[in-house]
Amino acid sequence: MRILHGCFGEVDILGLLCEGELLLLLNITGYSISKLKQTTLTAAMEDSLPLHSKQVHKFSIFINRSHALLNCIAISFLIHYRLSFLFQETKTSPATSLPWLLVFASELLLSFIWFLGLAYRWRPISRTVFPERLPGDDKLPGIDVLICTADPYKEPTLKVMNTVLSAMSLDYPPEKLHVYLSDDGGSSITLLGLRAASNFARWWLPFCKKYAIKTICPGAYFSALEEEDYGDHPGSNHLEFLAEKRKIQEKYEAFKEEIIQAREKGENEDKGMSKSRDHPSVVEVIQQNGNEAIGDQIKTPILVYVSREKRPSHLHHFKAGALNVLLRVSGVMSNSPYILVLDCDMYCNDPTSAKQAMCFHLDPNISPSLSFVQFPQRFPNISKNDIYDSMLRSFYWITGPGLDGLRGPVLFGTNFYIKRESLYGNSIHKGVDPTELKSSFGTSYELLKSLRVHNIPRIDSRVFSSPLLQEAKVGFRYRSLVEDYFTGFRLQCLGWKSVYLSPARPQFLGTPTTNLNDVLLQSSRWACGLVEVAFSKFCPLIYGPLRMSLLLRMFGAEFAFFPFNCFSLWCFATIPQLCLLNDIPLYPQVSSLFFNIFVFIFLSALLKHLYEVLASGGSIRIWRNEQRIWMMKSVTSYLYGTLDAFLEKFGLTEASFLPTNKVDDEEQVKRYQMGEFDFQTSTMLLAPLVTIIILNMAAFACGVYRMIFTGYREKMLLQVLLSFYILIMNYAVIEGMILRKDKGRIPPSVTLLSAFISVVFFSLGSVILNIGHILGLLCEGELLHHLHITGYSISKLKQTTLSAAMGDSLPLHSSQVHKFSILINRSHALLHCIAISFLIHYRLSFLFQETKTRPATSSPWLLVFASELLLSFIWFLGLAYRWHPISRTVFPERLPGDDKLPAIDVLICTADPYKEPTLKVMNTVLSAMALDYPTEKLHVYLSDDGGSSITLLGLRAASNFARWWLPFCKKYAIKTICPSAYFSALKEEDDGDPPGIDNLEFLAEKQKIQEKYEVFKEEIIQAREKGENEDKGMSKTRDRPSVVEVIQQNGDEAIGDQIKTPLLVYVSREKKPSHPHHFKAGALNVLLRVSGVMSNSPYLLVLDCDMYCNDPTSAKQAMCFHLDHNISPSLSFVQFPQRFYNISKNDIYDSMFQSFYRITGPGSDGLRGPVLFGTNFYIKRESLYGYSIHKGVDHTELKSSFGTSYELLKSLRVQNMPKINSRDFLQEAKVLASCAYENNSKWGEEASICAVKKVGFRYQSLVEDYFTGFRLQWLGWKSVYLSPARPQFLGTTPTNLNDVLLQNCRWSCGLVEVALSKFCPLIYGPLRMSLLQSMFCAEYAFFPFYCFSLWCFATIPQLCLLNGIALYPQVSNSFFNIFVFIFLSALLKHLYEVLASGGSVGMWRNEQRIWMMKSITSYLYGTLDAFMEKLGLTKASFLPTNKVSDDEQAKRYEMGVFDFQTSRMLLAPLVTIIILNMAAFVCGVYRMMFKGEWEKMLLQVLLSFYILTVNHAVIEGMIVRKDRGRIPPSVTLLSAFISVVFFSLGSVFLNMC
């Protein structure tokens, strides 16, 4: 255990042994026991202080993640805009579909690559090392330095030798340093130069050692740039130093002269060799370790020249092949455990780099799994503004630290210290026989022998269990031109880690590319190599094994897919411009809210890049240059590199590797330093750039002209700005085309060629767009589609159009978008979504952290998390109706004359005269008859589902009173057309008093009518007494026949001022217990059939029996939509809100449904319209009949849908309402009202998901209104929500807790029935509905599921609080603010909605409370009922809401006092939760005050406090109150017992876990 402790630090060894982690750790790293002992010994000799430290970039993390979230949300809005055909009726014109799709695909591709790049921005870190804490030189491991060169003409020999000399001068024991130079060109120049360098090293190395020289590259040291490095070692004489320096400088000049001579001599030798492309392998030891001691007895490292054999018939694999040769050669010559790889032009700039790397490699905590330490590339000759982005600032300053925060970077091609074992793979396991070793490493005995040295650890064989990984790969990987990236990626796949170290002083300096030609060719090679990986079986998104995290795979994929930016950039630089020239907009107008989304995404990307450049020490000019060169590379290098990779994949070309030219042209360097582009490159690279610039210049000029002279500012602005941005960023190309005359300009021939290409592209593109437009016109078929959906025949359409033509030319209605509400709603949604994502991140922290949540809290933690997700899911669905709320205004005065108005049938349903008082029902009937509508076109049907004589007698009395009431309302223009409301004290202000009427006459007439009304009320009382006796006689049997009676025929007799009365019909359908009657939906379908044969009006008004008409103009207001030929063909119904006249001041039971009617209604109207609300809607009969009434449908098919009634089938063919004697159809109507009529028909039934031959109001759910409305919208129908200032309908609402909870229980059951059925809106809706509309309907269906979340939040945190278990972040944790924000955000948003809709803070508090009460009781029981019904354990039941008010209950309601006179089943859950929260709150306060747990328990205590505060009425009912409306003590005792049982069982469960 002591050995393990010394090796691995403070580690729970027993825990590791139990979990198997120790064995895994040792296996992964390949450590043998002997190696473990050796490492332990090394660790024991170290200083106890750490060798390195790391710093997390917290501010960058905050900026990066915040930007990522905002940009992701904005991109989702962009996708929503592009997928607008899912959300809108009209689709994008075919003329713009092709470019629109191309632009959308480009946006998706760009977003995808950006999203992958989030990986290395997730957790950037930086590192600091302490090399002074390393053990002595005798304990340091050996290092082999591998340097590759290929062409002495492109890579000058002097630069290569300076790199070699700098590597030999590292501050490291020379006997442990071995330098190998690979000359892939096999040139004598390089060999001769290396010999000369070996001679100069005998002087240079002692000088550097003696005076502690930092700049150990002689070429850099003796340059003017490095004069400040005087060495001035303590104890040395300055004059002596200067003399020594002058002496060494002379030696260096002699060395340079030798290089020049070597070049001349080597050129002659190479000419002799040029006859043959074959050359043998050459290995020469130039300098052996300490061959002779010189100077101050400084030894020199081993120096070896290697030139591998080359034959055209053999693959040489470019740089990877050269490195593998050096790996093998060094393996048999020095076999150092660590390797430094350098490019030939990348010299060492700091002698301590080796020791800095060893600070990681010798740290036993990370060394076993550490493959390499990567240093960044730096360049000394970068111009001020870096016009070619040669510094690769974003890569080394942003990507590097970001990757280090994951598992480490991949290889960058140079400047890395790598462990040899990681390159040897799994073939060196102990026990592997020589045959297998030979198959991996070849037949060299010395190389195989070197593998058996004890300091070669083993790699975990379990890493290679995947079939893809059983490949015993050794060395640097081939298969790609970017061998560095591919090798690094494969090492990480095998479980190795890496480190990125970027000290203040650059450890390595090199030569950048300083002309456009080399930049583009180099980038093309890199692009080809990356795409090779992307299209291979090693594609990071597919190949990443289990050992790689998702973020690491994303990073690997971002590298591989980065060249695909070329497709997006080409599209953005050409397609919008082509469309601009052809007057086709591809982006939203300025007035559209989505305009801001596109602007935000664009500016967000630019500003984020600007921030990164400035944060890494750059400037605005550097940022601009990076933007420009990225565009240039994308449209040239990335495109050609990608195409090369494609061609290579298909075997059409072979990979080629041209080393980057390191020879500087003086004129090019001069232009580079001046910040001028050098366009001396091939036409193939220039033509795309110039073509794009010319096309954008033309598009910009055309766009500006259109905006100034044709007023197209709105729709073309974004395309014009895009062209302007491209031109501004690439002004250097325009300058090279037009202004410049020097050698670095763009040749005129290229400009002419590009202009020709631009013209050809414009011509062909315009032809394609115009062909698309013509085909689009030919394929236009939307009108026929609309006619098919709505069931309108051509003659019907003509009739509707004619009616509209007869009206006023002004519009019949208008709509107003609630822009401020949209801003508030979307802003809140955005912020809330971000906060929820942080909450999810917190809850899913086990995916991001090493340690997992302790098992004791896992069960309640998961329950709370599931509840948070459910709550967030339902809230998210509710965003649909907050997305685009609108309100409407109508102009009924613009309607055509009464003779041109369509007829209306009014359908009213009642069921129980004892729960629904007959007087209220008759007042509703009278108000419907008094509508300001032609009486001959108005027909009122009352369905009495209770079959009571009381209702029939009352209707006859109402018919008599109507003969007086209707003329009075007509004569004096009475607005309140419900007599009981009119004659109440509340309505005294409605005196009618039209012009020309004497007030005394009016008052006398009013008194007369009031006396008639009192007589009418007396008749109702008598009818009740008489009917009760008759009903008692009928109660012996539950069966009853259908009854249809015409109470009043249209204009039976003219009365008063010759005012006719509407048709009035009483219907009581047949009832038999053996037949399902489908509750209200069944009653409405009976009325639909009966009215179809008696009046057959094209429009229907559906009313609840207690919902009277409060405005006589409601019918004409609805007709303003139904008679508008622009929307009428697809309009099913106009829905008015429900308003209630018996609401108390603060509405303690939320009976007004403020949020529903003031928020949901306008919000749903901004989509496709609301669903049905059960009452107060004018619906088109055709929409309820379905498509079965189309012309051409045969008689048999009609019978299968509508039943066998000949009269009903005949009415389907009638285009206008027939004038019939309704009494002639009474017998037929009774048949239609019978139980058996619906058998073998389609009335209300749904046989299959795709079936649309359904007729009438839909069954399958207790909420027939919601389900029918949802199905109509699924079939393509629209609806309208109209909420005028004056309520059109007024009714009564429950005023006691019992009725409220029972009513909500029934609704919940019905909604969950839909959610659990095959018609679930989230599954069934998107087939033919927009996503937002499907979300809106789904929010309805899933709303009762709030019960699960509320039950969890009201019990689980409290139980954990009592047991001392924290479920929420501590106050000091930043996520504490997230939870507080989400909570307050939800509360304040609800408060805003209540206040904005005319409510008060007291009303808001009551809505919060009643929502909790409903969730805990009604929603729970309703949901359970639906589940049990689904399982066949119960049957659906429908109890009409009680409309009879108890005086004492009404009094308490008006006082704002809760009435708890309801069943224990409803009260016990409420009281149980309150008791549990009281106990939890007291316990929590105790823990915070006396145990100091306020940090971790505060949120749970506040949650209990909030529940208790909002539900103070329940506490008051339990403890304070003594009246009849209190909570019975027995319920309190029962609830206390349940609370104790719950606490006991919960505590036992938590302790067991």
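Just so it is clear, glycine is given a Cβ too, placed from its N, Cα and C backbone atoms.
Just so it is clear, the model here is predicted, and its values are computed rather than measured.
Among the features that TrEMBL reports, transmembrane segment is placed at 99-120 (among others). For the transmembrane segment (99-120), the residues of the chain that approach it from at least six positions outside its boundaries are 64, 68, 71-72, 75, 78-79, 82, 92, 398-399, 402-403, 405-406, 551-555, 557-558, 561-562, 564-565, 567-568, 571-572, 575-576, 578-579, 584, 586, 605, 769, judged by C-beta separation under 8 angstroms.
Listed as Cβ neighbours of the transmembrane segment (587-607) (distance under 8 Å, sequence separation of 6 or more from its ends, same chain) are residues 67, 70-71, 74-75, 77-78, 81, 114, 576, 627, 713-715, 717-719, 822, 826. Taken from TrEMBL, the feature transmembrane segment applies to 587-607 (among others).
What TrEMBL lists as transmembrane segment is 684-708 (among others).
Residues annotated as transmembrane segment in TrEMBL: 720-739 (among others). Same-chain residues lying 6 or more positions outside the transmembrane segment (720-739) and placing a CB less than 8 Å from one of its CB atoms are 387, 572-573, 576-577, 580, 624, 627-628, 631-632, 676-677, 679, 689-690, 692-693, 696-697, 699-700, 703-704, 707, 745-746, 751.
Among the features that TrEMBL reports, transmembrane segment is placed at 751-775 (among others). Counting residues 6+ beyond its ends, the transmembrane segment (751-775) has Cβ neighbours under 8 Å at 93-99, 574, 578-579, 581-582, 584, 683, 686-687, 690-691, 693-695, 698, 737 in the same chain.
Residues or ranges marked as transmembrane segment by TrEMBL: 829-848 (among others).
Sequence annotations record features per position, and here TrEMBL assigns transmembrane segment to 860-883 (among others).
Taken from TrEMBL, the feature transmembrane segment covers 1340-1362 (among others).
If you look up TrEMBL, you'll see 1374-1392 (among others) marked as transmembrane segment. Remote same-chain residues near the transmembrane segment (1374-1392) are listed as 824, 828, 831-832, 835-836, 838-839, 842, 875, 1155, 1368, 1401, 1404, 1407-1408, 1499 (criterion: CB distance under 8 Å, separation of at least six residues from the stretch ends).
Summarising the annotation, TrEMBL assigns transmembrane segment to 1465-1486 (among others). Outside the transmembrane segment (1465-1486), and at least 6 residues removed from its termini, the chain residues within Cβ reach (under 8 Å) are 1297-1298, 1301, 1354-1355, 1357-1359, 1361-1362, 1413, 1416-1418, 1420-1421, 1497, 1500-1501, 1504-1505, 1507-1508, 1511, 1514-1515, 1518, 1527-1528, 1531-1532, 1534-1536, 1538-1539, 1542-1543.
The annotation transmembrane segment is assigned in TrEMBL to 1498-1519 (among others).
The transmembrane segment annotation in TrEMBL covers 1531-1550 (among others). Same-chain residues lying 6 or more positions outside the transmembrane segment (1531-1550) and placing a CB less than 8 Å from one of its CB atoms are 856, 859-860, 1355, 1359-1360, 1362-1363, 1365, 1464, 1467-1468, 1471-1472, 1474-1476, 1479, 1518.
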